[in-house]
Structures are given as C-alpha cells and as structure tokens.
C-alpha cells in the first residue's frame, strides 16, 4: 500500500489534513478534514505543481496529464485532478472520503509531490456555462493548499 498526506494551510485561517491511500493498481482513497471555511460546497482539486512559493497561486492549473476539459469526478471528460466539491457544515468543518481512479500515487501520473487545493466557491463541474467552467469549474480563489507528500 502507498500512502500520502497533505497538510492544508492558508493565510485565511483554513486548515486541514488530507490522506491518500492506494492498494496496488486500485483506485486512490482520499480522506480529509478541513476547518475554517464558510458553509456550503467548495471546489477541491489536485493541482499540477507542488510549488507554494507564492502561496496557493503557484500550484499551477488542475492536474491534467490527458489534456482534457474540466468536468465532474464521474465524467469521462475531466482533468485527473477534478475531485468535485467538499461540503462544509454550519460549523465551518468538512469531513469527507473520495475514491478516484485518476489520481494514482505511483507511476508516471502520480500525484505525490503535487498540491491539493480547496477553493472559495463551489465547482460547477464544467456545466455552469461560465467562461471558466471548462477550465476551473469557476471555483473562485484558492483558500487553502498543501503538498501531497509520501507517507511511511
């Protein structure tokens, strides 16, 4: 089993820990807890870079090795890093589990060393009709991020 972990931080008081596990060539399971967010859905993505030298802004676009348009996690056409939304409760926290086949922890398209980003607004899953729907899901600013590092 391969495991990764990302510790989220931000200048806006958002924090959290995201765990990744993958057994063999199976799907990757993502479990996380995030706090300090406004209630409601927030876009949640793996970004292409593990660079936080300029905060979350330097993490690059969504991880997209196949060069596809943005979409929902269950869509055939989507960025590999498109993980949809995490839903935050009235207390400002979210606990979630996501199982996904497009974010391996090994091989040429591994997400180890890449950033995980929580956005300010909901991901419209590429279906919102906004000019940014097919690239970012119109998710607004990047409110927290962390680098997915290999875990022992």
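A Cβ is built for glycine as well, from the same backbone N, Cα and C atoms used for every other residue.
As written in Swiss-Prot, here are the features:
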- 45, 47, 62, 119: Cu cation binding site (BINDING)
- 56-145: disulfide bond (DISULFID)
- 62, 70, 79, 82: Zn(2+) binding site (BINDING)
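Using residue 119 (Cu cation binding site) as the reference Cα, a 10 A cut-off selects 145 from the recorded positions 70, 82, 145. For the recorded positions 45, 47, 56, 62, 145, a Cα to Cα distance of within 10 angstroms from residue 70 (Zn(2+) binding site) holds for 62. Within 8 Å of the centroid defined by the CB atoms of 62, 70, 79, 82, the record's Zn(2+) site, lie the Cβ atoms of 45, 63, 64, 68, 69, 71, 78, 80, 81, 126, 135, 136, 137, excluding the listed residues themselves. Ranked by CA distance from residue 45 (Cu cation binding site), the recorded positions 56, 79, 82, 145 have 82 at the top as the closest.
Sequence-ordered, the extra residues of this chain that approach the Cu cation site, with Cβ no more than 8 Å from the Cβ center of 45, 47, 62, 119, are 43, 44, 46, 59, 61, 63, 81, 82, 117, 136, 139, 142. Cβ neighbours within 10 Å of residue 82 (Zn(2+) binding site), excluding its own Cβ and spanning all shown chains: 30. When the Cα atoms are compared, residue 145 (disulfide bond) and residue 79 (Zn(2+) binding site) turn out to be 18 Å apart. Between the alpha carbons (Cα) of residue 47 (Cu cation binding site) and residue 56 (disulfide bond) lies a span of roughly 10 Å.
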